[in-house]
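Summarising the annotation, TrEMBL assigns domain 'C2' to 37-157, 182-307, 458-580. For 328-410, the entry in TrEMBL reads region 'Disordered'. Positions annotated as compositional bias 'Polar residues' by TrEMBL: 354-371.
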Amino acid sequence: MVGLFFYHPPHSGLSDTIILDIISNYLVLPNRITVPLVSEVQIAQLRFPIPKGVLRIHFIEAQDLQGKDTYLKGLVKGKSDPYGIIRVGNQIFQSKVIKENLSPKWNEVYEALVYEHPGQELEIELFDEDPDKDDFLGSLMIDLIEVEKERLLDEWFALDEVPRGKLHLKLEWLTLMPNASNLDKVLTDIRADKDQANDGLSSSLLILYLDSARNLPSGKKINSNPNPLVQMSVGHKAQESKIRYKTKEPVWEENFTFFVHNPKRQDLEVEVKDEQHQCSLGHLKIPLSQLLTSDDMTMNQRFQLSNSGPNSTLKMKIALRVLHLEKQERSPDHQHSAQVKRPSVSKEGRKISVRSQMSASPGSGDSSTAPCTPVIGSGDKPGGEERAQPVEASPQGPRDLGRSSSSLQAVATCSPSHVSVKEPTPSIASDISLPIATQELRQRLRQLENGTTLGQSPLGQIQLTVRHSSQRNKLVVVVHSCRNLIAFSEDGSDPYVRVYLLPDKRRSGRRKTHVSKRTLNPVFDQSFDFSVSLPEVQRRTLDVAVKNSGGFLSKDKGLLGKVLVGLASEELAKGWTQWYDLTEDGTRPHVVT
């Protein structure tokens with residue numbers, strides 16, 4: 001245990017806030033503070049984390065589900081339209097819907113990364129899709145430690161929280177091999193061939209550490225510094241780095257992972273772009289087959305960029321790991337030890353509806369957390385049928401959890417850690433700053449109006465997913481994106497989103513997204529959770545504020561809009577994704593249909 005101690009004058013509340021905000025920024029994964037108390041080898045492992053394994057989930061079928069649909073005003077029992085939601089850590093998948101069937105067959109496959117499995121579970125919930133409210137059909141929770149021990153599980157599991165129903169799963173624990181000795185067998189097992197280079201199950205995992213670039217060109221304007229970012233893709237899967245501002249020598253130090261179908265035929269394509277002028281600063285293509293012949297299937301070097309400056313380079317470390325299913329030698333009468341955990345909240349708890357009590361003094365936050373690196377899972381049908389593409393968040397319209405008619409998609413989320421401090425009073429700049437911030441925002445609205453009539457959503461809108469997980473006993477809030485925000489200065493806005501679960505307005509209860517620079521349509525796609533039971537959360541209110549960053553003590557810091565979301569709905573156990581109008585104080589929320 002390493003302690004951090006600071007000396008500052010007594011009664012220096014602002015110093016406390018600034019110091020703790022700085023620390024909290026760096027204590028949110030994937031950020032790490034490296035203290036040289038360990039060897040260089042251990043530090044290298046922190047910079048380049050290798051997953052413990054990959055969980056391949058065959059979501060096959062269910063039987064004897066409850067019939068939730070009724071006809072003739074409830075006199076006639078019908079069937080259900082079942083679908084499933086599958087979670088592994090921060091990866092969420094949602095299946096297609098099987099219409100009017102109590103014994104549905106999905107035959108879908110998903111792949112999820114597992115970094116730390118102690119205490120982590122595979123969580124599954126089944127629902128009946130309805131036009132108004134989706135009915136609960138049962139749940140299941142399986143300890144991943146037991147799956148790793150067994151390597152392969154293929155059986156029926158009884159569903160929890162319901163009187164009947166069972167689910168057929170096949171679970172495979174795939175280890176990461178640093179050599180290609182069994183790659184050909186893996187490719188045969190997943191039916192990889194020359195006509196299927198980019199789709200299908202994964203044979204391997206590409207792990208990428210984006211370090212830095214040197215001597216980048218100016219971009220469109222001569223002798224000006226670009227705002228560089230890096231776009232990386234393998235097949236149809238693409239990811240993007242953070243933006244570094246006004247520099248030809250950017251340092252990113254970010255990690256990425258890609259599921260790879262056939263490394264013998266696929267390439268890693270990388271492009272460095274200037275975000276300000278939307279032009280290319282250089283690119284490179286690396287055939288993954290080069291890694292198959294490299295030591296430890298790893299390359300760690302500076303790569304020369306094409307169509308760039310003569311000395312423009314990109315430093316990366318990339319490694320390939322083959323996904324191997326290790327077969328266990330067992331006796332014919334072997335009994336597996338996979339444990340099915342019981343949910344912490346009963347199904348009856350879902351039915352309790354309590355009138356929401358709205359607080360009159362919501363708070364706000366002032367600094368931002370670092371964004372998490374998205375991890376997109378993969379899913380397809382056995383036999384190599386069409387595979388769903390990663391979810392692309394767009395500020396132009398709403399999105400759901402990634403339901404697809406052919407397979408499942410994953411939504412990457414991250415849950416920030418918070419510094420644990422004794423805090424008898426609310427966070428600085430919460431209640432204190434609210435009247436001033438609201439007054440300034442109303443004045444700004446009057447300036448924007450200036451003799452014209454403002455539209456229905458003059459401050460713009462925010463898209464949220466809100467849901468309570470009975471098994472985790474947590475309220476989960478996903479901040480997707482905002483659209484049509486107001487410009488806070490001549491340079492636009494640098495928005496981030498702050499969330500409180502009222503009446504808690506302490507620093508430890510505050511959740512914040514990363515800052516999105518110079519945009520009125522930011523995309524965040526960050527998930528936060530609050531430990532609270534369903535009956536309790538239905539008495540509370542979600543306080544969401546969009547704020548302009550501007551840095552510490554900046555005059556450009558301020559409120560862009562708020563929304564207060566009541567949580568008394570009985571649909572909270574299922575959850576919803578909606579656009580909300582932003583207002584000056586959040587007291588007049590309007591749900592956008």
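Cβ atoms here come from the backbone N, Cα and C positions, even for glycine.
All TrEMBL annotations are machine predictions without curation.
From a predicted model like this one, the values you see are computed outputs, not experimental measurements.
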Across the domain 'C2' (458-580), average pLDDT on the 0 to 100 scale: 86
Residue counts (helix, strand, coil, in that order) that DSSP gives for the domain 'C2' (458-580): 11 helix, 62 strand, 50 coil
Residues in the domain 'C2' (37-157) grouped by DSSP into helix, strand and remaining coil: 15 helix, 59 strand, 47 coil
Structural state census, the domain 'C2' (182-307) (DSSP three-state): 14 helix, 57 strand, 55 coil
